[in-house]
Amino acid sequence: MAGKDEAEGLEARLLLLPPEAAAEEPTRCGGGDGGGGGRKRKKTYLDVLGVCCSAEVALVERLLAPLDGVRVVSVVVASRTVVVEHDPAAAPESAIVKALNKAGLEASVRAYGSSGVVSRWPSPYIVASGVLLTASFFEWLFPPLQCLAVAAVVAGAPPMVRRGFAAASRLSLDINVLMLIAVAGALCLGDYTEAGAIVFLFTTAEWLETLACTKASAGMSSLMGMLPVKAVIATTGEVVSVRDVRVGDVVAVRAGEIVPVDGVVVDGQSEVDERSLTGESFPVPKQPHSEVWAGTMNFDGYIAVRTTALAENSTVAKMERLVEAAQNSRSKTQRLIDSCAKYYTPAVVVVAAGVALIPALLGADGLEQWWKLALVMLVSACPCALVLSTPVASFCAMLRAARMGIFIKGGDVLESLGEIRAVAFDKTGTITRGEFSIDSFHLVGDHKVEMDHLLYWIASIESKSSHPMAAALVEYAQSKSIQPNPENVGDFRIYPGEGIYGEIHGKHIYIGNRRTLARASSPQSTQEMGEMIKGVSIGYVICDGELAGVFSLSDDCRTGAAEAIRELGSLGIKSVMLTGDSSAAATHAQGQLGGVMEELHSELLPEDKVRLVSGLKARFGPTMMVGDGMNDAAALAAADVGVSMGISGSAAAMETSHATLMSSDVLRVPEAVRLGRCARRTIAVNVAGSVAVKAAVLALAAAWRPVLWAAVLADVGTCLLVVLNSMTLLREEWKGGAKEDGACRATARSLVMRSQLAADSQAPNAADAGAAGREQTNGCRCCPKPGMSPEHSVVIDIRADGERQEERPAEAAVVAKCCGGGGGEGIRCGASKKPTATVVVAKCCGGGGGGEGTRCGASKNPATAAVVAKCCSGGGGEGIGCGASKKPTATAVVAKCCGGGGEGTRCAASKKPATAAVVAKCCGGDGGEGTGCGASKRSPPAEGSCSGGEGGTNGVGRCCTSVKRPTCCDMGAAEVSDSSPETAKDCRNGRCCAKTMNSGEVKG
């Protein structure tokens, strides 16, 4: 299909202005105007449905090149998207759309943040052509109906004709031109039905292919439209454009709003959903000094955020630029296919012309058969399916990776991921958490320096460093009531792989590992220091050439690191640790990992890591390097695939890496490798299928069985199959390789829970005595797996007043079971949405035994008579974010106690003015602590309150309200009846958190 003017690849970037003009920095990312530095520039996204293969890339470029003000054009065939960077005054959007639509490319401007998904219904041209063609099949009943086949051609051909003539006028041979030639040939041969079938099949297949492509690109479009366009200045309440927010401005983010900027929380507390960036499916608690990123969702609290980056430099903006660069890159396989396709089309067209003309010139018999054979070959000259086989699969795989929080910088990287045979891990911040703590700190020498002075100097210098150890030293000094002052530090220097240096108050201070001793010309022996101080990592402080202090630090391995390395081993991949830390620290980390690392290399400089990565490539083959710091940048660039860890990692690591994990979950590494291998298999199937179908059609035609409509169906149908096969990479049920129990442990919020879950995973499946009745899910007490049968859930029978058992539907209750009973951990637990259920109950997330429960809540259910959000933890557990769902039609909504004898936070009943009884039960019982507990507003006011608990002064369990009278029933006891119907109803609808009652006071 592609002619001599075909672009070198499916994606192309065309610079249309001279270098001096093109050097102007873009002022906009993802839609909208930008200003400053010259004329305004705008980036516009267009859905161009007429772009189906590489020939249209050159066509789009030639159409937009003559327009004044157009600077850069990017065409992404896989998603049928054209990105134009232009001056809106000289080249408005309407002019760009008009230029493309003149060629019949069906262009439209994509609204900011929209998905670009086309209508699910076929166009009138397709419908009319199909109806007329179907009617023509009855010509055996009434021969004149054969004319309806010609009418089907006339009805369905206009889009093909517009695009075909536009391409032909620019000397471009695309699929529309080839199909029009085939239709004309069939009409000349008198095969009217076949001509109509060609038009109908081609237009229908193109519509289905467009629908599939736009559906595949919808996720990427939404990813690029996450950033809100407005922000609220906290100090004034003024609503401004995010592009007008400057570094240092404080913006207000209310519950349910998108965070508009990257920054640091300065006021308020909340939970933020970061799945759009990191792929993590649970919210992250935020409090003052926590980092937040633009495009994430603030769940349930107010926070004030001090801006740390401009909108164009935010993480979302960087992601957008990364995505565009990835879409415009081509893999080795794609470049090879494009090169072959460039010669395939002209060669087949020449052969088809020879098949048609030579027999005619020689006066051979059966010319009609020769001409049909030529037409079949002409239709087969379009290599659309072959050309699409690689970019569409790569596009879908990169989109799937982005949903998992893995950003891959192009098709070459994706292919290399599937070939990895060895992985080198940095230790600090990659295998370990990078959250150091100072175990001990000692003065050495003749103690001329006082401890307070030395800590002040160290903290002031380390305040200028971003290394994880620096934060530990600053925190240690602050724990001694010493505040750093980095403004007093002069001549600050960083020595990668060694440490840092700074001058303060006339003192020359070196802080680092034992190499720092040699740099500072300190005569002390590290062996002597090692005998004096014991620790995992040892650091030294040299003041004016003399060793002044020695300290030890500890750092724990990340949860899931050992399992990730075992996963890599199951894939036949070698795992190696490369660290600049001491051999003792490396050995300690290996012990925490259970000895899963096959090689350890310690006390390395950045150049040593590069040398070792090159050695791994020579020994094992394609090698991946995973790191997060400045020291890893060179090794990341040297590896076949360099992977940087986390959005908070160093900028140098993210810039030089080939892929970025937006979270710090090491389990994403084997997921990325599995995805790369799956993408390679998909591409291989696409290429093999495309070639096989072409070969079969040509072989059938050569066997003197040329069927024109079958050739068309094979051509466009193969394109559709290639797209659909590639979209299998987007399936949500596709597993990247992390085991479910390991993923659950990786998301545990406390070290105690991670240790408990890790121990549980190694224990026998039989439940112990303290966990009778608990549900076993591979050692991790997570929510039931999708598709689990109803008998695996406990149904609690809670009926409204007057309801009879026989009136209830077959499935009377939907229950979200506790996520983490008996000391387990529960994440993302909630009742399923079920409009016909009579009762929906969200059970406690984190049952007895100190379990942890997060995001527990009943689902919204308009037809439910009662919705109860049960306690999010019991028996010393911890409940976070527990609340009853908002439900205007419910008879009673009860927010039960958050933390029975443990700690309950942010527990509140939903606001519900029309509710007959709304009760916010006590937050914290049995001496526990309850915070943020309040009853919803209701009229008439409730009577009675209770406080205190059997735990004495251990905490305050404050029962906010009761109904009419403070009568409650025992937690876990049977129902209690009372003379008051309302009180009895209260006790039946939910278990209370008090055991006794005395004069309006309920003892917890």
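We count from 1, first residue shown onward.
From the backbone N, Cα and C atoms, a Cβ is placed for every residue, glycine too.
Between the listed ranges 120-140, 393-413, 456-476, 624-644, Swiss-Prot ties the annotation transmembrane segment to 120-140. Remote same-chain partners of the transmembrane segment (144-164), defined as residues 6 or more beyond its termini with a Cβ less than 8 Å from a stretch Cβ, comprise 50, 103-106, 123, 125-126, 128-130, 132-133, 135-136, 138, 174, 176-177, 179-180, 183, 187, 192-193, 195-196, 199-200, 202-203. Relative to the transmembrane segment (193-213), the listed stretch 707-727 leads the set 371-391, 683-703, 707-727 in CB pairs under 8 A. In terms of DSSP secondary structure, the domain 'HMA' (42-108) contains 23 helix, 22 strand, 22 coil.
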